[in-house]
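What follows is one structure encoded as structure tokens, with my remarks underneath.
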Amino acid sequence: MTGKTIAEKILSEKADTDVRAGEYVEADIDVAMAHDITGPLAFETFDDVTGDDAELFAPERTVFTIDHHAPADGVKAANNHNAVREFAAEHGAHQFDVGDGICHAVLVEEGFVHPGDLVVGADSHSTTYGGIGAFGTGVGSTDLGTALATGDLWFRIPETKRFEVHGDLPDGVYAKDLILKFIGDVGFDGCTYQAAEYGGGAIESLPIHERLVLSNMAIEMGGKTGFVEPDERTASYLEHQAGIECDLDGPTSPDDDAVYESIHTYQATDLAPQVSKPANPENAVDVGAVEGTPIDQLFVGTCTNGRYEDIKLVADVVEGEELAPNVRMVVVPASGSVYRRMLETGVFETLVDAGAIIQNAGCGPCAGYHQGVLGDGDVCLATANRNFPGREGSMDSSVYLASPATVGVSALYGEITDPRRGDPQRYDDVVLTEEVPT
Amino acid sequence: MTTDLDHGQAWTFGDDIDTDQITPSRFIVSSDPEELAEHAFEDLRPAFAAEVSEGDYVVAGHNFGSGSSREHAPLSLIGAGVSGIVAQSFARIFFRNALNLGLPVMICPAADQIDDGDDVSIDLGDGLVHNHTTDETYDAEPLPEFLQSLVDEGGLKAYTKTKLGTE
């Protein structure tokens, strides 16, 4: 018998049976999550399947957030928020409210997810948890509602695509550029029904917030999940950021003889900053191919690149400068703790001085609900994960995806600009230690 | 188990139709299938909601239902009375959600041979798609045994009620 991938190992453990890609199992859930859009439907399912005296499978590992329409943009959204609050209170689950932040940021920051966990979230970007070595995957509300009751769900064990990046990343190239490159190479559906494993020296050297970017966007190539093997850096991050100790001896390393669907190998030094053109993340090109494209709006935020380090990078780039007169920049921290840290460290003031608009923590305009929706003909350069037609507003608007560095430099020039044209910035204060200033 | 569904008109779409195009995100503050159905494909194909008939089919290319995990997308099609979806391939979460909600989905490599407005029907049990306009029959992938049994039990809710003894 050959070895196993991380996906095969985690699902084998959670199903308590030895399984390989292609098999179906019912596996035990460690953490379940829903938010203000997907929660109310999940609650209906839970009530329907449980009947009277219903209890959550594990209230202490059930988390609900209010992040998508936060603060409420209308009565229906406000009523959805109330449904989340009432259900959480009735059943004793953890509940994060308006301003606390995006589910995927909060669950990691607050220590709900450990390496090796099986995490289901009623949101497609639940793949994010793979950045700390958990099997995170997105499900619908019906799945989530039944999981809240039973503590398990059915899974098909996915085949795995492995992406290896060797060498040191050049200036101006970040995890966002890597994942856009991967998606561009395998296609928008290139990883459908599969897991992604990311490895190699360049990825091992990434700080945790960068690894979360890789896992977050696994879904943009159809992936069921996306892992970075957890290591001492993961443990240090979780200790400092989330205040938890984690066990690295779990089922989170692939065997040397694991069988992969395919292995994609890159040399880091060959890579350039990437931009995904409208209207699909797979339209990734070297930034030079779109340089000079005029921009109307810049959006820094989302569960992909709305972490403190991302926003600080943008602040470092624009510090002491003024944004180009033709652009507006919307900055939305991914969590309340990011927001507070921006205040404490002066990042908030730097951005405001440069002319940026800063909103409360949450999803912001990412899916075109509110707080920065695009009009006809508008062009946005975003640190987000999706640029589908009409994603951030009008069907006649356009969204380009890029790293925070590219977005920051482009804000100064008012057009898509190679980040290497600015003063090359790195996440200097976090790369080595993962320590979080208090 | 009824596996041979009635005839209906095909509404054809291309590749990579994401959940926001199926149900624009500005309407997902509701989870009522009837209300969502009023906005199905509203930006992509504005005539759909008004002109779709009970029993019609959505026919698409590759990667149908990509993007969000929101069940509002399959729910809007259920609310619109769509009998089933035939596509060359589906995004994973959408495929799973549709099955969980009891909306038939079939992976059919020849889906691109079906024209808009063709009269079609699907045979879930045998994995076939019939095009009555051209008098052609296309092979589709039958569901894996595990999923077929889940569908046979009436979808995930019914399956879970049996497991919990709460029927």
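Keep in mind that glycine also has a Cβ here, set from the backbone N, Cα and C atoms.
Those TrEMBL annotations? Automatic predictions, nothing curated.
Among the features that TrEMBL reports, [4Fe-4S] cluster binding site is placed at A:Cys303, A:Cys363, A:Cys366. DSSP assigns A:Cys363 ([4Fe-4S] cluster binding site) to coil, not to a helix or a strand. All protein chains considered, the CB of A:Cys363 ([4Fe-4S] cluster binding site) has 28 other CB atoms within 10 Å.
Residues A:Asp67, A:His68, A:Ile102, A:His125, A:Gly301, A:Thr302, A:Thr304, A:Gly306, A:Val332, A:Ala334, A:Gly362, A:Gly364, A:Ala367, A:Ala384, A:Asn385 surround the recorded [4Fe-4S] cluster site, their Cβ atoms falling within 8 Å of the Cβ centroid of A:Cys303, A:Cys363, A:Cys366, which are themselves excluded. The number of other CB atoms found within 10 A of the CB of A:Cys303 ([4Fe-4S] cluster binding site), across every protein chain shown, is 28. Other Cβ atoms within 10 Å of the Cβ of A:Cys366 ([4Fe-4S] cluster binding site) number 28 in total over all chains.
In the three-state DSSP scheme, A:Cys303 ([4Fe-4S] cluster binding site) falls into the helix class.
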